[in-house]
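Q: This is the feature table in TrEMBL:
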BINDING   Lys50, Gly57, Arg58, Gly59, Val106, Glu116  ATP binding site
BINDING   Asn208, Asp222  Mg(2+) binding site
BINDING   Asn273, Gly330, Ile331, Val332  substrate binding site
DOMAIN    2-210  domain 'ATP-grasp fold succinyl-CoA synthetase-type'
DOMAIN    271-387  domain 'ATP-citrate synthase/succinyl-CoA ligase C-terminal'
Amino acid sequence: MNLHEFQGKQILSSYGVRVQRGHVANTAEEAVTVAKQLTEETGTGWHVIKAQIHAGGRGKGGGVKLAKNLDQVKEIAGQIIGMDLITPQTPPTGKRVNKVLIAEDVYYPGDSEISEFYMSVLLNRATGRNMIMYSTEGGMDIEEVAEHTPHLIFTEEIDPSVGLQGFQARKIAFNLGLSGGAFKEMVKFVDALYNAYVGCDASMFEINPVLKTSDDKIIAVDAKVTLDDNALYRHADYAEMRDVTEERPIEVEAKAAGLNYVDLDGTVGCMVNGAGLAMATMDLIKYAGFEPANFLDVGGTADAKRVEIAFRIILKDPNVKAILINIFGGIVRCDRVAQGIVDAYKNMGDDIKVPIIVRLQGTNADLAKQIIDESGMPILSAIEFQEASDRVKEALS
Ligand code: GDP
Ligand code: MN
């Protein structure tokens, strides 16, 4: 689950990570109110207005702007709220901005002693360990740094049995070229950041930039936080931070129905039980010369109700030209699944306008094929993988 910057900063702050302080606002008027409040709390006269969307690169797209007085706060917040912000990480049409973060200006005017660093915490799947990635080249596109100057990106792996060690945090501060007060601050920052990562069951933190101010404070100016969905049951307060307006509506609906659905760009809709079979089915579609329109794992209980919900979700995608149902009947018997498909088809009547290819394999597969063939419905059945692939080809050519 992705969070907004302001939510990520709330979590970081609760673990003692120093963050650029701010308050969120939904309207230009509210922006002025919270800006005044922020001035009282921090003494800042200048504010940064930051669009809150689930995508980075906002600065480049005009979603991060400096306001030097309250009139400018109102004007800029008014411009940003409601805009469709286009950044390298949004869809080409952009993302609608519903909220802004009014933050203290931490780049003190005329300041030449500041530095921007990059820091992320993530899992290295190859070694099964968390690692901290960091670079002196903060504030810019880290992909560019990785491509052109990879030697400027460092990594520090953490042994899960002992956690982040003091010498590691010091090494990071050292490699970032810090000394004196800034060095000590960075050690504290890294330590708190790692505690936060583990404590909130995150799967990714990306802080770009981490700022060193002229008075040697280390501050998280940005916060991209992804939490592990599978651990959310341990964090009811974080689960409430989910912003479904940022997610694809079709995926939200599928999730509510307990289906594992990922929208893709192709034309062949897939309905499969089990993630492994779903991947194999997508390969099969590609092998037949087409592209899958989605990944969809209906899980263990492929009854009529679930099949129907899955049908409806797949059919919401206007690109779908055919649907391939590929179900392995292990615990669930194929004939019952077949009946479920036929019932769902009957229920949906005219809503289904694309060819359906069904491959059922496993317990009672022959009986299942018979049910489908005898249903009188325009459903093509197959038992072998190759057959299914041929049917898809026939249906689409
Ligand atoms: P991103 O573009 O989505 O990664 O958003 P960031 O939060 O990283 O902000 C983009 C850029 O805005 C930063 O790299 C900074 O250069 C700038 N910025 C952020 N906070 C401040 C601030 O307090 N003062 C000034 N002058 N610039 C800021
Ligand atoms: Mn950033």
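Just so it is clear, glycine is given a Cβ too, placed from its N, Cα and C backbone atoms.
Help me see these features in their spatial surroundings.
A: Val106 (ATP binding site) has a Cβ environment of 20 other Cβ atoms inside 10 Å.
Residue environment of Asp222 (Mg(2+) binding site) contains 24 other Cβ atoms, counted within 10 Å of its Cβ in all protein chains.
All protein chains included, Val332 (substrate binding site) registers 19 other Cβ atoms within 10 Å of its own Cβ.
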Q: Between the Cα atoms of Val332 (substrate binding site) and Val106 (ATP binding site), find the distance and write it as a whole number of Å.
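A: Just about 60 Å between their Cα atoms.
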Q: So which of the binding-site residues Arg58, Gly59, Asp222, Gly330, Ile331 sit close to ligand 1, that is, with a CB under 6 Å from an atom of it?
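A: Only Arg58, Gly59, Asp222 qualify.
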Q: Using a 10 Å cut-off, grab the number of neighbouring Cβ atoms around the Cβ of Gly330 (substrate binding site), all chains included.
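A: The answer is 13.
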Q: Listed binding-site residues: Gly57, Glu116, Asn208, Asp222, Ile331. Which have a CB under 6 angstroms from an atom of ligand 2?
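A: Near ligand 2, sequence order: Asn208, Asp222.
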Q: Checking the spread of the ATP site as listed (Lys50, Gly57, Arg58, Gly59, Val106, Glu116): what is the longest Cα-Cα distance, in whole Å?
A: 19
